[in-house]
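Quick look at what TrEMBL lists:
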TRANSMEM  5-23  transmembrane segment
DOMAIN    8-48  domain 'DUF1648'
TRANSMEM  43-62  transmembrane segment
TRANSMEM  83-101  transmembrane segment
TRANSMEM  107-126  transmembrane segment
TRANSMEM  157-173  transmembrane segment
TRANSMEM  179-201  transmembrane segment
Amino acid sequence: MKKYLIMLVIFTILLEVSVFFMPDTVPLHYNISGAPDRMGSKYWMYLFDLLPLAVYGLMSITKKIDPRKENLEKSDNYELMKYLVTGLILGITIIMTASIFFKELSIQMGLLIILGVFFVMIGNYMPRIKHNYFLGIKTPWAIHDENNWKATHRIGGINYVVLGLLFIVSAFLPGNIAFTITMVSVLVSTVFLYAYSYWYFKKHQ
């Protein structure tokens, strides 16, 4: 844990230093094709680069205040999720920073690949997440029934792996098509998991 935090701090410092070498005006938002559509002061990047550390701190706090924190403390899965989530945000900040210095870099491709890998990894560990209030697929029926939680997360694991693979494939498609596939897949995935959790609840009433 300490080694990861040290690495996170080092990367954050490097990202903060890189802002000094950026042009005064940088892209702050991108359209669905991956092209910048809003520009702003480079100093916004100072705040953006602090996000990984902020999320790391927030996730460390939520573990301690969860009413079912004993379930989180029984395994290393919460720590792993914390590393994955902060790693995802760090990866996004690196891609955003790199795209400012290397104009030919496709930010859309980079982000979709990072998100895809993240979803695949999350999917592999989803079934191992213990019943809690802060981490996982928190449908009303799963939160109030541990068996529903386990069943929903088993299906959710497969669901997230498929979702991740779709994101990775979409990274190599034209912008508009990639955007449509990813948005529809996220929507379908969310609706499916809620529907499954509700179906399980009705079946075992």
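In case you wondered, yes, glycine gets a Cβ from its N, Cα and C as well.
Bear in mind that TrEMBL entries carry predicted annotations, made automatically and left uncurated.
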Cβ pairs under 8 Å with the transmembrane segment (157-173): which stretch of 83-101, 107-126, 179-201 has the most? 107-126
Tally the residues of the domain 'DUF1648' (8-48) by DSSP class, grouping H, G and I as helix, E and B as strand, and everything else as coil. 17 helix, 12 strand, 12 coil
Model confidence over the domain 'DUF1648' (8-48), as mean pLDDT, sits at 85
